[in-house]
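Chemist: Got a structure for you, questions after.
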């Protein structure tokens, strides 16, 4: 596998859903998604892989065991499939690598295995999961969450995109059947492992390829800062109770606490009331996103942040409340699988990620691992996201070695 | 004049346009405004004052010279009128005193003068100006600005309220003629003085009544903070270019520079892009409102602010630009009139204000003064705005003394 071999296949999908911002508009069940699914089917056909779509719209290409065409439900433990793959869908104007890299690399890894004469003892399956980003219907990892039964299918069918189209209608329009949505425990039970290859999303990986240790615990908190709306031109500074000051302090405090504790904290969303140039705000609402290597660090950030902001609010004469909107505990990937992969790949870096993935959902049901490919810019969810062709080729080699180890 | 006498007249309008927030919804040309105009006409009729509406919708009650019924245009200097009054309209959910206090006090001052047997040598005129707050059509002091010819009448007619109704249509619906809007230099030339009584809007006045020295120079600046949109969960802190941090610093820096220099600075309006909880913002836009006792202090605040924020932006790796949206120079009220009033009232405090007023517009054309009535809460443009009945009665006495001095 060389860099040009990777580039050749990669370029086949480069133009699909490409916006003039340089970012991708690849929303699930859109025309771009259907074009990517067609490309997936064509790649499978070229390699003699059997294509299947599950009840939740996730697409698979099966390298079945010869001479058995299909492993039936209830496969014996030593015949359960090894699943790899990722997702096609993007965030609005997102990068090209987040998702598709794992699918393109899987087809190329199958080519590597075949060129080397590998003979799988388990089926190898390439998966393309639906709506991983939540970029159209708002719920990330929707395809795998439905499979795992952690999102209700009625709720899923009623989800709407920004134009008001429901998931059910979008699926129907794309020729899929929304009534089939639901848990798929048998499918999960027939998997021996899931390995997702993904572009790294920060700049934490300094080698071409690494293995994931965990998905950081993370959460979103809603913050409300209350004060006294008043005239910006006449209210003396000592008489003010200006919640914008407390909010500003909180933005800087979040960053500081995260830096000191060794985690991440971000304020990216803010709404002021009445949001008028010549009025002291009466209220500011904002959201804190924080993630950390472990629950203790996350809790340290939150505790430090809350006490410092509360103290500042007292000085400002403002009110401050904070409440969680979502809190996701740490996902530790299967330790023996992780170590096996790291050893197999010659001691590549083992590192955690702050981002959610389908692998994080499936890890509760199947021994799961992730391979990361180095991201030189560290940018993600934006057009600057990328990886060198050389590193991507190294990713394909690593994935092929892992699939051979797990399935052959 | 005692407190209960003030309260009696004050209560007559208390319920007009009163919202369940305790604030007032008294927008120009609305039903509440027309009810207030009817009340104005009734008060004038009760006192035998002649009611007149000018081409710009400002209403007047004339205490004409006897035996001459009306002073004609081109009055000799010693027959030019003394104008007092203020406005009825409010900001959304604003306080009850800002504006109406000057009109109610004017009627009561006329009563005081008559009870004392005063015989004016000039007409005394009570004015109620239109759209002083800009609370419906967005341009403050619209009635006096049109009169002074500093707002174009075509532009004024086309102004829209939040529901899309133009000023022209609102006037027509209220039975007024928008085609008449325009400069009124003859009216201005026939005035010898304008005295506006107004509730003080901070807590700067510690006596019942004070005299205004000036309206502070003030301005609004648009600030743009640019950075790099990225994933809140994966971007390492040192790799970030987060404009929210620079914005937060700017909010705190504005306050600090204002405090050190002795002026005011407020950030009450902010908009983040993409304004998503799990994304580092790519851009934050915000507005700075700053006011100061003089241009030097205002410039000191701005200079200090700009250099400190630019320095911080450099550290954050973000972009920062600031540009004025409006800059209003200082209005110094007529010095001899100011001193005459302060002496007459027994050396009451002389103080500036940070708020704009019709008096600020007319000061360029007519010797103008303002009387302030103490505001114990310091709140303005919100339901907490107020003044004690005792202080309001003292305001009426002061206004009566001033009118007697200027007109009798």
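In case you wondered, yes, glycine gets a Cβ from its N, Cα and C as well.
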Chemist: Hey, TrEMBL has Zn(2+) 2 bound by A:98, A:381. Any idea which of A:52, A:119, A:131, A:133 it lists too?
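Modeler: TrEMBL names A:133 for this Zn(2+) 2 site.
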Chemist: State the three-class DSSP label for residue A:220 (allantoate binding site), counting H, G and I as helix, E and B as strand, and everything else as coil.
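Modeler: Reduced to three states, the DSSP call for residue A:220 (allantoate binding site) is strand.
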Chemist: Given the binding-site residues A:220, A:278, A:291, A:381, find the one whose Cα is closest in space to the Cα of residue A:87 (Zn(2+) 1 binding site).
Modeler: A:381
Chemist: Ranked by the number of other Cβ atoms within 10 Å of their own Cβ, which of the binding-site residues A:198, A:381 ranks first?
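Modeler: By the 10 Å Cβ neighbour count, A:381 comes out on top.
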Chemist: Chain B sits near which of the binding-site residues A:87, A:98, A:133, A:220, A:278, counting only a Cβ gap under 8 Å?
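Modeler: In terms of proximity to chain B, the binding-site residues that count are A:220, A:278, given in sequence order.
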Chemist: Taking only the binding-site residues A:98, A:198, A:278, which one has a CA atom nearest to the CA atom of residue A:133 (Zn(2+) 2 binding site)?
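Modeler: Going through A:98, A:198, A:278 one by one, the Cα closest to that of residue A:133 (Zn(2+) 2 binding site) is A:98.
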Chemist: Which of the three DSSP states, helix, strand or coil, fits residue A:381 (Zn(2+) 2 binding site)?
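Modeler: It is coil.
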Chemist: With Cβ-Cβ distance below 8 Å and at least 6 positions apart along the chain, what are the contacts of residue A:98 (Zn(2+) 1 binding site)? List them in sequence order.
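Modeler: Non-local contacts for residue A:98 (Zn(2+) 1 binding site): A:90, A:91, A:133, A:198, A:199, A:201, A:380, A:381, A:385.
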